[in-house]
Each structure stands twice: as C-alpha cells, then as structure tokens.
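S.K.: Let me give you the structure first, and then I'll get to my questions.
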Amino acid sequence: MDTSTSHTNSSSLHISQFILMGLPGIHKWQHWLSLPLALLYLLALAANLLIFITIQREPTLHEPMYHFLGILALVDIGLATTIMPKIMAIFWFDAKVISLPECFAQMYVIHCFFGMESGIFLCMAVDRYIAICHPLRYPSIVTDAFVVKVTGFMGLRNCLLTIPVPVLAAQRLYCSKNEIDHCLCSNLGVISLACDDITVNKFYQLFLAWILVGSDMALVFSSYALILRTVLRLNSAEAMFKALSTCSSHLILILFFYSGIIVLSVTHLVEEKIPLIPVLLNVLHNVIPPALNPMVYALRMGELRLGFQRLLGWVKNCPSTSEVTSAL
C-alpha cells in the first residue's frame with residue numbers, strides 16, 4: 001500500500017508536460033483540417049490588421065465607434081494567435097507536447113481575450129445606445145477619454161477575474177495521465193486529468209461565465225432592446241432606416257458570438273457521447289469570429305469601405321463628409 005502511494009506521488013511530481021491529442025476520434029486524418037483552419041487564421045490576421053491600420057491612418061475614422069472596432073480587431077488577432085500556431089504545429093509536425101506553465105499561460109490568455117471580446121461588444125452596444133437614444137449628449141459623453149477608460153476597465157476586469165482559473169488548475173494534483181483530448185488547453189479539459197477534487201475549479205468556471213459573459217450578454221441585449229424601442233418611435237422612415245443600419249453590423253456579430261457560446265454550452269452536455277463536437281466547435285469559435293468580423297464590417301460600413309479603398313490606393317480623391325454620409 002505504501003509502495004503504491006509512493007509510486008503515485010512520485011509519478012505525479014514528475015509530470016511536467018501535457019500531450020494535446022488534437023480532435024478526438026479523428027486523430028489519423030485531422031491534418032486534413034489544417035488547410036481550411038490555416039486559411040481562416042491568415043484571413044483573420046490580414047483582415048483585422050487592415051482594419052486597424054485603416055482606422056489609424058484615416059482621419060474620418062477617428063471616432064469612438066471606429067476606435068472600439070480597432071480594439072476589437074487587435075483582440076481578434078490576439079485570440080486567434082493564442083491558439084492557431086499550436087494547433088497547426090499539432091496537425092503538421094505532430095508537436096503535441098506542451099509544458100504545464102505554457103498550458104496554464106495559454107489557458108489564462110484565452111480567457112482574457114475571450115472576456116475582452118465580450119466586453120468590447122458591450123462597449124460598442126453602449127456606444128450605439130447613447131448615439132441613438134441620447135444623440136444630443138453623445139459628443140459630451142462618448143469622448144476619446146471615455147473610450148480609454150472603458151477599454152482599460154474591461155482589460156483590468158478580465159485580467160484580474162481570470163487569474164484564479166490557471167492558479168486553481170495549477171494547484172490540482174495530476175497523476176500519470178497527461179493526455180488531453182483537445183487542440184488547446186481548455187480549463188475543463190485540463191482539470192479533468194486531476195486526481196483530486198475539482199469542484200472549486202468547476203464552480204469558479206461557472207461563476208466566471210455568469211459574471212463576465214452572462215452579464216455582458218444581458219446588458220448588450222438590453223441596450224439593443226432600448227435602441228429598438230427608440231427607433232420604432234421615430235416618425236421618419238428614413239431616420240428609422242439610418243438608425244437601424246448603423247447597428248446592424250454590430251448586432252449580426254453580437255448574435256453570432258453569443259449564440260456560438262450558447263451552442264458550445266449545450267454541446268458540452270453530449271461530450272461523453274460525441275466528444276468531437278464540443279472540441280471542434282470550441283476551435284472554430286476561436287477562429288471564425290476573428291475572420292468573420294472584418295468582412296461583416298467591410299460590407300456593412302460604407303465609410304470603412306472607403307477607408308480601405310483609399311489605403312489600398314483604389315480611390316485617390318477623398319469624399320466629403322456629406323458624401324460619405326449619403327453613401328451609408
């Protein structure tokens with residue numbers, strides 16, 4: 001009995017790395033998914049970088065709404081870059097090994113960027129709420145200082161509240177089993193390997209989901225409900241259409257982002273029967289929104305489209321503000 005216990009403690013102390021097995025159930029041919037995932041990643045990098053540079057270089061885009069969009073582009077780049085290089089290394093070079101510190105660091109950064117994306121969507125919803133429901137007060141409320149303060153608050157909120165996730169995971173006792181049926185270090189995937197009680201970890205994961213994503217989602221949809229109520233009270237059909245068009249691109253991406261979270265939560269209920277589905281959806285949810293966001297904004301925002309064209313040299317004459325407004 002003592003020998004067995006000693007052997008267990010010895011093996012747990014010597015576990016210094018995890019093995020990311022990739023997509024469960026399709027390990028032999030998962031490399032075929034590397035090409036579409038790599039293309040999505042390159043598209044996300046190029047498109048978001050283009051958005052950020054365009055917003056920085058175009059004077060007409062130096063407005064709070066576009067500043068939030070630029071911050072969202074940086075968050076999307078960070079989120080995709082946190083996971084995709086390792087996933088490509090697993091698929092292409094069979095580089096499945098990841099050290100415990102690297103795994104916990106990846107876990108922390110993913111949670112930070114994920115919460116930051118949710119927070120920026122909330123900031124954008126509040127920006128549109130003030131612009132439409134309180135247009136006369138908008139210039140005095142939503143200033144550059146306001147953008148800096150709320151972005152700093154969101155960053156601080158996410159960085160501080162997500163610290164216990166990797167800390168609690170690092171405190172667990174990991175036995176000889178170190179293979180994770182995932183492409184990344186998800187919190188639930190890692191702590192499922194622990195030999196001791198993980199109730200606290202699961203509770204804090206649930207608490208974090210409700211505090212960060214849950215509260216953000218409730219406030220976002222409350223803001224758009226108030227916006228819709230204000231828009232429906234407008235007497236002019238043209239004013240109503242213009243107000244809705246300024247929010248449509250935000251609303252499309254917000255619905256996609258939060259509906260993806262809901263689908264992920266539901267699929268975890270069938271993880272034991274079909275483990276591939278939640279893992280694959282988790283990976284896709286971290287790479288598709290960063291690739292999708294720039295395309296939706298480019299298609300829906302005339303002023304941003306013109307900024308792209310001027311940056312790429314397709315349009316040499318800068319249109320006036322009235323022309324841009326009419327284009328929207």
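Just so you know, glycine gets a Cβ as well, placed from its N, Cα and C.
TrEMBL: automatically predicted annotations, no manual curation.
Heads up, here are the entries from TrEMBL:
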TRANSMEM  32-55  transmembrane segment
DOMAIN    47-297  domain 'G-protein coupled receptors family 1 profile'
TRANSMEM  67-93  transmembrane segment
TRANSMEM  105-126  transmembrane segment
TRANSMEM  207-228  transmembrane segment
TRANSMEM  249-270  transmembrane segment
S.K.: Pairs of Cβ atoms less than 8 Å apart decide it: which stretch in 67-93, 105-126, 207-228 has the most with the transmembrane segment (32-55)?
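M.R.: Comparing 67-93, 105-126, 207-228 against the transmembrane segment (32-55), the winner is 67-93.
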S.K.: Give residue numbers and ranges for long-range contacts of the transmembrane segment (67-93): same chain, 6 or more residues beyond its ends, CB-CB under 8 A.
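M.R.: Same-chain contacts beyond the ends: 20, 22, 30-31, 33-34, 37-38, 41, 44-45, 48-49, 51-52, 55-56, 106, 109-110, 113-114, 116-117, 120-121, 123-124, 127, 144, 147, 151, 183-184, 283, 286-287, 289-291, 293-294, 297, 304.
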